[in-house]
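Input: a single structure, listed below in structure tokens.
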Amino acid sequence: MGTASRGGSVKAEKMPEGEKTRQCKQETEQQQKEDEREGLIEFYGSYQDVFQFFCSNTTIHGAIRLVCSKKNKMKTAFWSVLFILTFGLMYWQFGILYREYFSYPVNLNLNLNSDRLTFPAVTLCTLNPYRYSAIRKKLDELDQITHQTLLDLYDYNMSLARSDGSAQFSHRRTSRSLLHHVQRHPLRRQKRDNLVSLPENSPSVDKNDWKIGFVLCSENNEDCFHQTYSSGVDAVREWYSFHYINILAQMPDAKDLDESDFENFIYACRFNEATCDKANYTHFHHPLYGNCYTFNDNSSSLWTSSLPGINNGLSLVVRTEQNDFIPLLSTVTGARVMVHDQNEPAFMDDGGFNVRPGIETSISMRKEMTERLGGSYSDCTEDGSDVPVQNLYSSRYTEQVCIRSCFQLNMVKRCSCAYYFYPLPDGAEYCDYTKHVAWGYCYYKLLAEFKADVLGCFHKCRKPCKMTEYQLSAGYSRWPSAVSEDWVFYMLSQQNKYNITSKRNGVAKVNIFFEEWNYKTNGESPAFTVVTLLSQLGNQWSLWFGSSVLSVMELAELILDFTVITFILAFRWFRSKQWHSSPAPPPNSHDNTAFQDEASGLDAPHRFTVEAVVTTLPSYNSLEPCGPSKDGETGLE
């Protein structure tokens, strides 16, 4: 193997000064171009870079002050506090705006419309329940018990007050009927002063601390309570009505009304100066208000009014005699009238009023329509389909329809029978104490819970979004007048072939008409829409920062940059921690084992010889520093 000298020198060839300067300049420019070249994704190296770039380039007013005044710490602190305070005030205003928006306020719009008006439905009742001739046998027993009760409590003999001859006959007949009633219903009898017998679970009028009421007990008589009244008249009527309902429940459906029933009650009917006919009304029977007739309820041919005034409305002459009235059930005379919208049931006890005999009652109407916003703006319902109460009426949804249906459904569920005044649900039967012994106790308990809204009916039944109401005002005058009553009564008796014996107390006249041609519509519109919200937010942003939508995007970009750099720094910290905690790699098989375990405690170091062939090195002009050296040459000695 050949040998080589241990030493030597390599001398580089000297490059001209101009060439070296030119080459260094080219390399510097190339490096600057590489530094200025922007990649597809570039990012900041620290939070300070992000914040400084944002403050230097944003269009938000005041942000540049945080950078420009960095040499003055007092100004920097002042502008920082002012910037944060401004942001806080702005977002406080934002919170107020959002709270107002999500409260869903509405504006009330009042419109006055002029158009042909559809005449409402009008229901008129006789205030005469089932006549004595229809259920006299069923009522005799109840009358005798009531007569005896009045005699016990007030020392008033009702039979003698009416007529002496009929009183003796009625008393004998009632006694036989009462005995027959007790034999047919083998219940426990309760002795009273004059041996008046009452069924065991039948309410009985009682006198306690000058309060009149009746006792109601559960089926096993373990729980009883007094339904008391401050007025004896109210107590007797309520008690009588309770038994009257039981009598109606034991009877088949009300008899069909024919044209003679209508003519016996309605002497004359005109609308828009035209005579009414049978196609203009429907009829039904109310347990307390008697035969009822509803005019203009046929949706296929509704009446319309082109002009206001008494001559362009409905005019009725009705009979108000009380020859066959039930005195213990009906204590008023006349007729009862109610104005309501089509396809709505007539709840006479809620919205009706009485018409006096011998009086012409003129009722003027003003139509009002209400349209509410549904959804988030109000708790109204469009058609009741979203209300958790079954509609028992064959009519459209109203709040009163829902409330009564709710009570009836709870009545069937709790008492196992239905209240006679309300529609009958499928599969149920009306309450009758011959079948449901303690239904009265259950009913009055349930009624108290209903009035206190324990049943939740008032909460479940929501208002409809669209309603039509009629504002009524009435005027009264004597009819007919003293100078014209003779010929008026004569003509009515000849026309209807009926002899009016009581004259003035036997008839009444009713006029129902529109007061004005206009009708009012109360509507709702959103008071704070999305457009209004965005406008208010923009106004607040411009007020506090004088910026635009793009400034908001800059702020969103800043938040995104802070999020990304936080993720990057966290990722770097995690990788660095993982790299420092990893063990050293094992030595490779080609490594020189002479350098392993150098400090293992050996006595003498290993000796080795390295032989190399030294040749002349090439010239590396790029390694020379740009600019002249001290000696004017570059090389290795």
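For all residues, glycine too, the Cβ spot is worked out from N, Cα and C.
According to Swiss-Prot, the protein carries these features:
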type: COMPBIAS; residues: 11-34; note: compositional bias 'Basic and acidic residues'
type: DISULFID; residues: C125-C292; note: disulfide bond
type: DISULFID; residues: C217-C224; note: disulfide bond
type: DISULFID; residues: C269-C276; note: disulfide bond
type: DISULFID; residues: C380-C465; note: disulfide bond
type: DISULFID; residues: C402-C461; note: disulfide bond
type: DISULFID; residues: C402-C442; note: disulfide bond
type: DISULFID; residues: C406-C457; note: disulfide bond
type: DISULFID; residues: C415-C465; note: disulfide bond
type: DISULFID; residues: C415-C442; note: disulfide bond
type: DISULFID; residues: C417-C431; note: disulfide bond
type: REGION; residues: 1-34; note: region 'Disordered'
type: TOPO_DOM; residues: 1-76; note: topological domain 'Cytoplasmic'
type: TOPO_DOM; residues: 98-548; note: topological domain 'Extracellular'
type: TOPO_DOM; residues: 570-637; note: topological domain 'Cytoplasmic'
type: TRANSMEM; residues: 77-97; note: transmembrane segment
type: TRANSMEM; residues: 549-569; note: transmembrane segment
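Mapped onto this structure are the features recorded in Swiss-Prot.
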residue: C224; record: disulfide bond; DSSP class: strand
residue: C269; record: disulfide bond; DSSP class: strand
residue: C276; record: disulfide bond; DSSP class: coil
residue: C292; record: disulfide bond; DSSP class: strand
residue: C380; record: disulfide bond; DSSP class: coil
residue: C402; record: disulfide bond; DSSP class: helix
residue: C415; record: disulfide bond; DSSP class: helix
residue: C442; record: disulfide bond; DSSP class: helix
residue: C457; record: disulfide bond; DSSP class: helix
Worksheet, complete the sentence: Near the transmembrane segment (549-569) in space but 6 or more residues beyond its ends, with Cβ under 8 Å, are 43-44, 46-47, 50, 54, 58-60, 538, 541
Discussion item. I'm trying to understand the geometry here, so how far is the Cα atom of C292 (disulfide bond) from the Cα atom of C269 (disulfide bond), in Å to the nearest whole number?
Written reply: 15
Practice prompt. Could you tally the C-beta atoms, other than its own, that fall within 10 angstroms of the C-beta of C406 (disulfide bond)?
Written response: 23
Item to complete: If we count other C-beta atoms within 10 Å, could you say which of the disulfide-bonded residues C224, C292, C380, C442, C465 has the fewest?
Response: C224
Discussion item. Looking at the disulfide-bonded residues listed here (C217, C406, C442), whose Cα lies nearest to that of C461 (disulfide bond)?
Written reply: C406
Worksheet item: In whole Å, how far is C276 (disulfide bond) from C217 (disulfide bond) when you measure between their Cα atoms?
Response: 51
Worksheet item: Among all the protein chains here, how many other CB atoms are within 10 A of the CB of C457 (disulfide bond)?
Response: 19
Discussion item. Please give me the CB contact count at 10 A for C269 (disulfide bond), counting all chains in the structure.
Written reply: 20
Fill in: Closest of C269, C415, C417 to C442 (disulfide bond), Cα positions, disulfide-bonded residues only
C415
Worksheet, complete the sentence: C465 (disulfide bond) and C402 (disulfide bond), compared by Cα position, are separated in whole Å by 14
Item to complete: Would you mind checking how many other C-beta atoms are within 10 angstroms of the C-beta on C431 (disulfide bond)?
Response: 22
